[in-house]
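Asker: The coiled coil annotation in TrEMBL covers 94-128, 243-270. As annotated by TrEMBL, transmembrane segment applies to 384-417, 438-456, 527-545, 565-585, 637-659, 740-758, 778-803.
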């Protein structure tokens with residue numbers, strides 16, 4: 001069978017690898033990604049394992065690479081993806097890489113520190129230049145005042161002192177209030193805002209700053225002012241009191257700024273060249289280090305043999321890939337020139353193997369839908385194979401509209417055609433990831449919706465007249481009663497109907513019928529029940545394959561057969577009655593065929609209810625309440641047979657388990673006397689026990705089922721729960737498929753409302769503006785139609801396609817998870833997680 005039908009057979013293998021070839025062999029297996037290793041040192045502390053030193057070295061290399069990567073990104077240099085993904089380096093290459101990274105990191109650290117120091121000096125000189133320029137103005141204004149000329153310029157007694165500096169602009173109000181409080185209003189503050197942004201050398205952030213000069217008198221106020229400046233992180237600078245000295249110092253500062261700016265540019269250019277050369281290799285180095293770290297982590301799961309000459313590892317491997325594993329071990333030994341070959345030993349185990357199902361880009365999305373509910377048990381029938389068809393079909397039954405399906409198909413086709421380019425989009429968010437991952441599911445849903453739209457003959461709530469009509473459209477068009485109204489009542493029993501079905505789907509004339517809803521309700525409701533019964537019957541049949549695979553032959557008799565009979569005898573019969581009603585009852589005008597007309601057709605629902613209650617159909621005496629002779633007797637037999645299946649489901653399996661537990665008790669005494677008869681009896685008893693187990697379906701290991709080893713009372717409780725659950729769920733699940741009818745009807749009606757209430761009214765308003773024939777009226781009419789089309793398109797895409805599509809998707813998911821998969825799916829497995837470098841490197845792509 002195909003790989004998607006059920007999980008692949010897995011083998012538990014022991015790998016015997018020579019120590020010198022262990023690294024290269026595990027590297028080969030990581031490239032293949034087909035082996036899931038088991039930790040043989042689960043009881044050993046991680047810090048006490050053999051390769052913990054190598055793992056720590058890889059952690060340190062990763063730290064250095066992250067620092068280098070951050071420096072490269074900070075400098076605005078793009079990190080190119082490697083054209084060819086490098087393989088895991090050998091230990092010697094890792095030593096060279098470690099030395100290279102150490103040298104590169106030290107160089108970048110030194111260059112960064114020098115750049116910060118130079119930038120700090122540059123900022124200090126820049127602030128000092130602004131202080132000198134602004135202070136020159138402040139002090140000149142003070143000196144021009146006759147009352148204060150003699151008081152400014154020194155620390156002599158009786159003269160005003162001053163402190164000049166720079167502070168961030170948002171701190172100025174608080175700084176001013178604090179100066180007022182500590183000095184009690186005995187200081188004089190002058191300030192001027194700088195137009196130029198000042199950069200912080202440590203963080204690279206730019207701030208608005210203000211130059212200030214504080215005038216005071218006395219050493220006590222000077223100390224207080226300095227403390228306030230320190231508390232508000234204001235930078236203070238020495239400013240000469242003499243105008244000549246200030247002018248001379250300002251010229252020196254400007255010269256130093258020019259020289260320092262040139263040195264800064266040269267330093268930044270050199271740092272940029274270094275980072276540019278390193279940035280080309282950072283991604284490749286990160287891949288190499290992560291692969292090496294993964295290899296050493298895996299080697300820490302291995303054990304050494306007693307002689308310490310061989311490393312032993314255990315792993316799960318698909319049987320189909322055992323040859324690739326042996327080739328990988330051989331290539332790993334050749335890579336290091338090992339003289340002793342490594343080999344694989346398959347060991348028997350009673351442990352439950354992991355579930356491995358091979359998928360491609362098309363089937364991966366459908367498998368993800370099943371795995372979101374539960375991981376398939378080992379060798380269990382995989383529902384994803386059938387979900388590929390049933391999921392988009394049930395979705396399309398609820399979403400059936402050719403126009404909406406075409407929108408969904410075009411969107412999914414765009415994702416599928418440009419998938420290579422779109423797969424490289426990063427940072428699209430979780431919603432984008434979900435849509436792109438399920439692009440083939442969306443494509444199938446769109447294609448099936450186009451098909452059901454053709455069946456419903458529904459295109460944006462309109463119908464297509466492709467094959468004409470089975471009604472007398474000419475008479476209907478000229479009927480004065482019909483001409484007075486846009487809608488008509490369609491009666492197939494009249495001469496207007498040609499008594500021939502439409503070629504495909506629904507006749508387009510039903511679009512104008514007032515009884516359209518009644519007709520579609522009957523059609524879609526019955527179709528939903530028939531689809532649901534077929535879907536559930538198929539699910540029960542899948543349980544037969546699981547029973548045969550697990551050799552549970554007794555479960556076929558005690559579970560599958562009564563479950564199938566119960567479902568078919570009741571709800572399968574109801575579906576058959578629906579088909580019979582469509583076939584036997586036709587519209588007619590012949591009085592002799594009145595009993596076969598739709599007016600005499602019995603209600604399937606009433607018939608089914610009376611069947612369960614053993615009553616008669618309360619139909620008019622002029623009509624036959626039954627569809628075929630002896631229907632009442634047949635229905636009673638079906639109900640009694642279905643009820644008889646319940647005790648079989650309830651007691652069959654527990655009794656069978658109880659019988660298998662009974663073993664004949666023989667008086668097996670000491671056979672020292674060589675009693676041949678007693679030996680023959682013992683041998684016969686063993687043979688009979690083995691034959692009984694084989695007939696009843698007991699596995700070779702002696703277990704029966706997930707609850708078979710429990711006490712008999714608990715087995716009865718579990719079986720009672722399963723029986724009641726199946727019987728009740730059969731009724732509820734059948735009714736649950738009516739959501740196909742409900743959502744399909746709601747989707748069609750909502751589409752009709754949008755068309756008639758928005759777009760049609762916009763077209764009518766636009767046409768009314770064209771009546772006078774003027775250019776202005778034509779333009780205004782076009783505007784009406786344009787606006788109506790825009791509003792209609794917005795609600796069609798947002799409500800009908802997105803919201804209704806999501807609703808139909810969720811309901812379809814429920815029908816598969818609950819109504820379909822509950823009939824056969826256990827989902828008690830755990831996923832196969834191979835050691836693969838591709839999975840290890842995925843986080844790096846997310847970090848990018």
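Glycine too: its Cβ is placed from the backbone N, Cα and C atoms.
Mind mapping these onto the model and telling me what they sit next to?
Answerer: Cβ atoms under 8 Å from those of the coiled coil (94-128) belong to residues 57, 61, 64-65, 67-68, 71, 166, 198-202, 209, 235, 237, 253, 256-257, 260-261, 263-264, 267-268, 270-271, 274-275, 278, 285, 288-289, 292 of the same chain, restricted to positions at least 6 beyond its ends.
Residues 361-362, 365-366, 368-369, 388, 391-393, 395-397, 399-413, 415-416, 419, 504-506, 744, 748, 805, 809 of the same chain sit 6 or more residues outside the transmembrane segment (438-456) yet have a Cβ under 8 Å from a Cβ within it.
Listed by sequence, the residues of this chain that lie at least six past the ends of the transmembrane segment (527-545) yet keep a Cβ under 8 A from its Cβ atoms are 381, 383, 386, 390, 394, 397, 556, 559-560, 563-564, 567-568, 571-572, 574-575, 578-579, 730, 733-734, 736-741, 815, 819-825.
Among residues of the same chain six or more beyond the transmembrane segment (565-585), those with a C-beta under 8 A of the stretch's C-beta atoms are 526, 529-530, 533-534, 536-537, 540, 596-598, 600-602, 604, 607-608, 612, 627-628, 635, 638-639, 641-642, 645-646, 649, 726-727, 730, 734.
Panel annotation: around the transmembrane segment (637-659), residues 554-555, 557-559, 561-563, 565-566, 569-570, 573, 611-612, 614, 692, 696, 704, 708, 712, 715-716, 719-720, 722-723, 726-727 of the same chain, lying at least six beyond its termini, place a Cβ under 8 Å from a Cβ of the stretch.
Through the fold, the transmembrane segment (740-758) approaches residues 394, 397-401, 404, 456, 458, 460-462, 517, 520-521, 524-525, 527-528, 531-532, 788, 791-792, 795-796, 799-800, 804, 807-808, 811 of its own chain, all at least 6 residues removed from its boundaries and within a Cβ separation under 8 Å.
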Asker: What mean pLDDT score does the coiled coil (94-128) have in the model?
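Answerer: Result for the coiled coil (94-128): average pLDDT 88.
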